[in-house]
Amino acid sequence: MKGSKPMNRRRLTLLTTPILAAALLAGCGGTTQGDDDAGGGPAGDASADPNAEYETGLSFAMLPKSVNNPYFDASSTGAEAAATALEGAFEYTGPSDASASSQVSYIDTLSQQATDVILLSANDPNALCSSLEQARAGGSVVVTFDSDVDSSCRDLFVSQVDSDEVGLALLEMAAEQIDATGEIAILSATANATNQNAWIEVMEAELESNPSYADMELVDVVYGDDEDEKSFSETQGLLQAHPDLKAIISPTTVGIAAAARYLSGSEFKGQVALTGLGTPNQMREFVNDGTVTEFALWDPTALGELAAYTGAAAASGIITGAEGEVFTAGDLGEYTVGADGVVTLGPPTRFNADNIDDFDF
Amino acid sequence: MSADLRRLARPLMTWDAAIIAVTLAFLVVASMTVEHFGTARNAGYIILDLAPILLLALTMTLIVTTGEIDLSVASTVGLTSAAMGVMWNGGMALETIMPVAVLLGAVLGAVNGLFVTGFGLPSLAVTIGTLALYRGLAYVLLGDTAVADWPRLFTGWTLGTIGDGPVPNVLIPMLVLALACGLVLHATPVGRSIYAAGANPIAASRAGIGVGRLKFWLYVASGAMAGLVGVLWTLRYSSARADNAAGLELTVIAVVLLGGVSIFGGKGALPGVLAAVVLLVSVQNALRLAHVSTEALTVVTGTLLIAAVLAPNALGALRTALRRRRTTATGRTA
């Protein structure tokens, strides 16, 4: 054992020499970014038959970002209803942690089981691609909902909303509650949140261009980072900085719940309007106690139902995912496939004292 | 007669042999009862899924056998993955990035080794610290973005099979490294030093073993292995992300313990650990194929791991009891 010192040094040299040599050799030339453009997945070359009937007996599997999440539980209720209506089999399965790698194992399992329709909310836009390609090569139809993957890796994407419609609906709700007059402020998620920034842009443009909003002024945009406590104190800060504030719009479920909690315990309750995107379960007590009049969100149950119908339509050959194709999604009505194989659910659902008890998510 | 039986049964009494037997039995039963389980395609999926766990478990086995632990391995995977993303975005060649990532892992391991052996700090505390630190640095490098435009030539290899047969490419590095670690642990003076250092560090030092230096290099090896796993992970999922492999350290330590390595050091063998990796991943795979819910899957995995910690102890107690009875029996006849 006495000789272990020189031996270790020798071992270090042995270990590192090939690594360094490889690094040096590779230093000149080699594969760099942009060298190879990743080839797309299998392209939909089949032709659609808009008059075809929905096939019965299809197998559906919904794979959410993670299970035990009330939002996705609601989506699965909708998808299961659609699957039942089409006399198909339905399975709700997925990892308990929201990581891309654990979703891969579930996709592999589903493709082995030759599931006809896979409904997926992706944890990563790219990491799932090779598994999805295998599933599609095996004959599965892949429909993403809520959160998309690269468009070459799936057949269709069912989007919850159109960002223009969200922005417009938020502004409209605020205007209705303050008679379209006075100062308003926005409590957003993080400063670089893609969705929220798109909606804020729409609202800003609309405030400038739409004459019915001429008396409304956006005085501040603050960021609660989708953290409850930060959103809570940012709300407090907004009310202190702008004593004439009439309304707060919070386009994030974390923000609106925190703001509602602050307002309901403050002297501003009922004085400052609060609207935005929230879930009925989070907001029920604040609607009941009068802090909040109306807020909105897309209905995840309808989202899941539409996703299942979209997948069934593709599996039955009614659509292929090309722009302009039309199909009927049960009670939800008629939908048209947009550019890039995107089907949009429609305007967000509004929740108020009249209908909030009809929803549970 | 009973003595012969006992001699025959003795190899079966080791945890190693037991876990290998359980694993084989499980594979046979699952192949017969679970649809799609016993196919070449599924075997390929299982191998792909277990590759990162197995590779990290190899060096973890060596470290735990010396009585130390390395909780930072998964964070090291995440940090090397994030660093790969930054280098790739910076225009470096992938052929350069891959060895640099392994070296980076080795350096991160050396930091652990330095704190544990150089400053004599408890490895549990040090590597909990670097677990958070390395993961944090990964987020500093990439934030919540992902680098995904990896060349198909390389990502295809990590998913591909040898000559388009059923055997995945990644099995080659896995077998080579498993063999290397097995030889080091079971057939070299270094391996004997590892056992000695774990069983009784003071005695080992007195016997002239450089316990500190040995542990330092094991941490370097563990870091380099994590760097390699970072490379494979990034290419397999075609995605460099700061949260890659988050939480994987617990699975790795779990299989090492399930494989019969004593958390107190000095005891354990690699074959048992390899069997434990196969067992854990196959059980999860079979349960998914059998449409068992995720909740039940987590419960089963947890139970398996508790059994892993309890069973060797129970087995040890049983063996001691048997030995005591035998000595008293021989004492009486003598």
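Even glycines carry a Cβ here, placed using N, Cα and C.
Under the heading transmembrane segment, TrEMBL lists B:12-32, B:44-64, B:96-116, B:123-142, B:170-195, B:216-235, B:247-265, B:272-290, B:296-318.
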Stretch of maximal Cβ-Cβ contact with the transmembrane segment (B:216-235) [cut-off: under 8 Å; candidates B:96-116, B:170-195, B:247-265, B:272-290]: B:96-116
Segment proximity, the transmembrane segment (B:96-116) to the transmembrane segment (B:272-290), 3 or more C-beta pairs under 8 Å: no
Any contact, the transmembrane segment (B:296-318) to the transmembrane segment (B:12-32), with at least 3 Cβ pairs under 8 A: yes
Selection from B:12-32, B:44-64, B:96-116, B:123-142, B:247-265, the stretch that has most Cβ pairs under 8 A to the transmembrane segment (B:170-195): B:44-64
Dominant neighbour of the transmembrane segment (B:247-265) in B:12-32, B:44-64, B:123-142, by Cβ pairs under 8 Å: B:44-64
Selection from B:12-32, B:44-64, B:96-116, the stretch that has most Cβ pairs under 8 A to the transmembrane segment (B:123-142): B:96-116
Sequence-remote partners of the transmembrane segment (B:96-116) [C-beta within less than 8 Å, at least six residues beyond its ends]: 68, 70, 72, 76, 79-80, 83-84, 87-88, 122-123, 126-127, 130, 134, 215-228, 230-231
Intrachain residues whose Cβ lies under 8 Å of the transmembrane segment (B:12-32), provided they are six or more past its termini: 38, 258-260, 269, 271-272, 275-276, 278-279, 282-283, 286, 311-312, 315, 319
